[in-house]
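Per TrEMBL, region 'Disordered' is recorded for 98-141. Annotation source TrEMBL lists compositional bias 'Low complexity' at 111-123. The annotation domain 'EML-like first beta-propeller' is assigned in TrEMBL to 227-508. Residues or ranges marked as repeat 'WD' in TrEMBL: 514-546, 597-638, 643-684. Taken from TrEMBL, the feature domain 'EML-like second beta-propeller' applies to 521-707.
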């Protein structure tokens with residue numbers, strides 16, 4: 001039985017979307033299972049607490065003190081249909097047990113009265129039933145006459161109730177109002193360059209500025225002055241760049257994304273002025289799918305130079321469209337191919353000719369009368385490469401391509417072969433010459449002013465200069481630590497800018513430049529006294545940066561991925577948590593590992609020294625917090641204890657100012673408090689910690705930061721969302737996954753005012 005080809009094509013194009021949908025559903029199911037486990041753990045904790053109270057309750061009942069007992073215990077009877085999640089807090093607190101124990105130790109004469117009406121700080125009473133609050137969560141007061149003794153706020157995250165107690169110095173939460181912070185955010189410096197998975201993304205302007213991008217920012221770096229300017233109008237990651245023939249205007253295309261409210265953001269192209277950073281035009285909003293993969297300005301020497309913009313999107317068909325970008329008019333659009341497309345450009349001699357290349361293809365397009373027709377390059381007797389990675393136009397008009405076989409192919413028009421193909425055969429584009437260039441792939445080609453050619457290799461990491469007729473002249477090799485050559489930009493014929501696959505930009509002799517992370521960056525730590533900071537990530541690199549000179553001080557490679565880090569208070573060492581439960585301590589002077597320990601066999605998520613540096617807390621994905629004694633200036637560590645009680649992996653933790661207590665968050669939205677000095681005990685009465693002062697506030701759950709809780713509904717904060725360390729009562733920074741950094745006031749309310757960058 002023959003199946004219609006159209007049906008097969010439709011199924012093949014829909015498969016990636018279905019797979020993506022299944023991945024989303026699987027993640028949602030995993031989140032639901034995590035919350036069910038946490039709810040079960042909560043229920044078990046409450047049952048254990050009630051089991052401890054039952055014998056004492058029975059003794060009091062037998063003694064005939066029923067009225068006083070019920071007043072002390074604040075017992076409530078809930079309807080049958082009320083669930084555990086609807087109860088604001090444990091109805092019988094641990095302080096009740098201490099009260100009953102004190103009463104039991106007294107004589108019958110001393111124990112006849114009821115429990116005191118006014119709870120003290122050592123024996124606080126539990127809150128009553130919640131009342132409505134205009135701030136989005138139930139407000140739970142305890143009153144004695146008209147005097148308010150305690151308040152708590154309940155918020156829900158993914159259906160789970162989170163109770164947070166209001167500090168005593170806030171007398172009336174209903175009247176609490178926060179103003180916009182006086183501080184403003186201004187982007188000063190961007191570290192890094194996206195060379196790992198992007199091409200043709202480094203150019204040099206006549207102003208002496210190198211143009212490249214990282215995340216959603218396009219950076220203009222002045223090489224001699226060592227200053228940066230930034231184009232920041234994109235709403236998601238930039239994927240490609242193109243320079244107008246006038247060398248002033250720039251086009252940058254971005255990928256699709258979502259905003260902070262979970263609404264989809266459509267991809268588009270921005271055309272902007274590199275001198276003023278003013279946006280001149282926004283092209284293709286609502287037209288492109290998934291993202292913009294490649295783009296190019298027309299570069300013909302005719303009067304229409306730079307008038308047209310060619311764009312290829314990341315849809316299944318990789319739609320190719322040509323725009324008059326000044327008028328924002330689309331002249332033509334056509335399906336390109338179902339295979340990956342890596343590059344596109346106009347012919348420098350004829351605007352109506354366009355070339356694109358990618359997986360196993362080179363297409364020669366002709367634009368005429370509002371239509372685009374293509375001819376596929378014929379490889380003929382030459383081996384067809386898996387990828388055609390790049391191409392340039394020689395000064396003679398030939399097309400030179402670099403491929404995954406390490407060859408540079410010279411293409412030209414060939415007359416119609418009427419003997420083989422018969423009458424009506426049309427001219428074709430065929431390979432005129434093959435030049436063996438590199439071991440491994442040819443990642444980039446660059447034409448110099450005199451007609452010479454530069455090629456950059458993948459496996460051999462070489463930059464080779466060729467004459468116009470492809471005779472090798474000079475070559476050099478990029479050091480292995482910088483990776484393969486991704487792209488080349490000509491400075492003056494002798495000096496070059498080279499972008500590499502390990503996110504480095506090298507200049508001239510390749511001794512200058514800066515390096516970023518090859519993979520996702522997870523760990524970030526700032527030095528307590530010096531203007532330096534450390535980063536680590538999945539690329540196994542640990543980098544120490546100088547924030548004043550905007551340079552890399554030093555970099556070392558670990559055996560495993562680094563996911564979290566923290567400097568000791570004395571600034572002499574830094575601890576780095578790895579992906580397998582190992583953690584190492586590096587000496588900043590010698591750059592050597594002075595301690596190498598392991599806790600569990602799961603990844604570590606947070607490292608945090610106590611304020612005086614005498615303890616180190618290690619948060620793990622095995623649900624435990626490991627506490628270590630620190631001696632010898634941070635070079636010797638001995639296990640002190642282990643905090644056990646979380647029902648999911650640790651995400652954040654902070655020390656109190658006196659170094660005796662820890663506040664922690666977990667993946668199932670728990671807020672727990674620990675008495676480290678007393679043996680890493682879990683403080684079951686969270687009310688007692690409401691006035692405690694913390695040395696830092698990186699935890700994302702708590703009363704002081706509840707203003708950000710809107711983010712939790714659309715975004716999994718456990719992996720990406722974090723707060724930078726801040727001083728008490730000062731504004732703090734809130735980075736998000738939506739390409740923004742917000743400056744917010746501490747004690748902020750829901751949807752609090754903030755300034756964003």
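Cβ atoms here come from the backbone N, Cα and C positions, even for glycine.
Secondary structure by DSSP for the repeat 'WD' (597-638): 3 helix, 24 strand, 15 coil. Per-residue pLDDT, averaged across the repeat 'WD' (597-638), gives 95. Secondary structure of the repeat 'WD' (643-684) per DSSP, as helix, strand and coil residue counts: 0 helix, 21 strand, 21 coil.
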